[in-house]
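Let me begin by handing over the structure; questions about it come next.
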Amino acid sequence: MNLSKNNKKVAVIERHEAVGGGCVHWGTIPSKALRHSVSRYIEYKTNPLFNTGDRLARLTFPDILRHASSVISKQSNLRSSFYDRNRIQMFQGDARFIDKHTVEVTRQDGSTERLTAKTIVIATGSRPYRPPEVDFTHSRIYDSDTILGLTHDPHRVLIYGAGVIGCEYASIFKGLGAKVDLVNTRDRLLAFMDTEISDALSYHFWNSGIVIRHNEEFDHIETRDDCVIMHLKSGKRVKADCILFANGRTGNTDKLNLEAIGLKPDSRGQLKVNETYQTEIDNVYAVGDVIGYPSLASAAFDQGRIAADAISCGNCDEKLIIDIPAGIYTIPEMSSVGKTEQQLTAAKVPYEVGRAQFKHLARAQIAGTEVGTLKILFHTETKEVLGVHCFGERASEIVHIGQAIMEQKNGGNNIEYFVNTTFNYPTMAEAYRVAALNGLNRLFK
Ligand SMILES: Cc1cc2nc3c(=O)[nH]c(=O)nc-3n(C[C@H](O)[C@H](O)[C@H](O)COP(=O)(O)OP(=O)(O)OC[C@H]3O[C@@H](n4cnc5c(N)ncnc54)[C@H](O)[C@@H]3O)c2cc1C
Ligand SMILES: NC(=O)c1ccc[n+]([C@@H]2O[C@H](COP(=O)([O-])OP(=O)(O)OC[C@H]3O[C@@H](n4cnc5c(N)ncnc54)[C@H](O)[C@@H]3O)[C@@H](O)[C@H]2O)c1
């Protein structure tokens, strides 16, 4: 879109008929739509206003998938209409390089067409990593793409991999009432988050009955007619109706014939780029999941825009922000931006903590979203906000208020802003005033 707005002639090649990529069809959008339905279902079941003691209709995974499908098609159609309006030509088929200016598109019927361009951007995304020894054609074994084709209502789900995808799906299945085993290959959940926040998630998972097994690795899988059993290297066996593998992703570079242009991806199929997303080949750029970290739709939008500026103008002053926020749509939700307490402690930065508990906020009491906390980390001398960490409903929205202040230059980033301003009342945003006062009160006079 940015290239087209800069008067460049643009063609997009997409393997699938509908545009939107993994983000719209198999990743961000479906998982968030599923999560939204489940959290409303939980609210409905627990709110005494609706739960009158009568038996409530049970919601199943196929039920909530139907709602997600309608959001997926709305998103995809919207994107198609943007392309049409901006005269961006779509070519449906599989793309592969012939040389550094030529790409061959193979259509579904096997026919081919060659397109040439001055500049080519690789935005082929990623796919779930599939351990080679696991049979993903088995009807009880899924990854995060194929789980969207689940037609039955499993009672017991085993999730292998407790990264972001594993934790989000653990919340979804638990919310629907399934028994969930979450097998983690690492020693704690989401170690990149502030420890207090990831501990809060562990506690809530434990409290809701999710069984987390840390430091485990699978040895092999045994399939039976009525179940599937994962044998772990520790000797444990875990039985389930189905297994969801969520242990990382691989960049979609293997089908691009990159040898033809002399580009070599790393062992995870990812490409190396510079600050403007140019690869080692000067007219070939790469953005999104195919370049690895942070592997987020949020960052991919900006990377695409920055690359397009660099292509149009020959350079680009705009850079991707360093503090990319994390929004993790577990139940409860979590979000953070900036440094964690662990990072500040390791770097010996003098900081203080300001906290607000959601249970003390009028808005949270009204909405029945009392589980949660907002934590602001700030420099004890300059009062600069260094990190914002939030746990609880709407955390991924709330964190952006703190982010806006953190981004201010020339002394504008100061925790006192939250004390010196007036917040709408009652709001969740008010948590910033409560947390700021709490933190400032801890400073020695
Ligand atoms: C379950 C899940 C939940 C997620 N949740 C979030 C979230 O909440 N927030 C967030 O920010 N991110 C989230 N992500 C990550 C996000 O979806 C990705 O970062 C984002 O989709 C990356 O965009 P992309 O354009 O690089 O790739 P994609 O969205 O994967 O798009 C790549 C496109 O390229 C096409 N393609 C590939 N190879 C070829 C070829 N050879 N020829 C033609 N076409 C080709 C594919 O068909 C696809 O349409 C989630 C991911 C998953 C899997
Ligand atoms: N709310 C969100 O922002 C959100 C939600 C879901 C997914 N995502 C994105 O999707 C990505 C994937 O999430 P995930 O939970 O599957 O994985 P993850 O990146 O958390 O990794 C899970 C485990 O798999 C391993 N692994 C990763 N890639 C591998 C590979 N190619 N080969 C072998 N092992 C590998 C990792 O080392 C880790 O132990 C995340 O990086 C995240 O950016 C974001």
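Backbone N, Cα and C atoms are what each Cβ position is placed from, and that goes for glycine too.
Per TrEMBL, the features are:
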- 2-304: domain 'FAD/NAD(P)-binding' (DOMAIN)
- Lys32, Thr124, Gly125, Ser126, Asp289: FAD binding site (BINDING)
- Gly161, Ala162, Gly163, Val164, Ile165, Gly166, Cys167, Glu168, Gly248: NAD(+) binding site (BINDING)
- 324-435: domain 'Pyridine nucleotide-disulphide oxidoreductase dimerisation' (DOMAIN)
Reduced to three states, what secondary structure does DSSP give Asp289 (FAD binding site)?
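Helix, per DSSP.
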Which one of the binding-site residues (Gly125, Gly161, Gly248) has its C-beta surrounded by the most other C-beta atoms within 10 angstroms?
Gly161
Which binding-site residues from the set Ser126, Gly161, Ile165 come near ligand 2, judged by a Cβ under 6 Å from any of its atoms?
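Near ligand 2, sequence order: Gly161, Ile165.
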For the C-alpha pair, I'd like the distance in angstrom between Gly163 (NAD(+) binding site) and Thr124 (FAD binding site), rounded off.
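Their Cα atoms are separated by 22 Å.
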Counting distance between Cα atoms, which of the binding-site residues Gly161, Ile165, Cys167, Gly248 is nearest Ser126 (FAD binding site)?
Gly248
How far apart, in Å, are the two Cα atoms that lie farthest from each other among Lys32, Thr124, Gly125, Ser126, Asp289, the residues recorded as binding FAD?
22
Measuring CB to CB from Ile165 (NAD(+) binding site), give everything in the same chain under 8 Å that is also at least six residues away in sequence.
Ser31, Ser144, Ala246
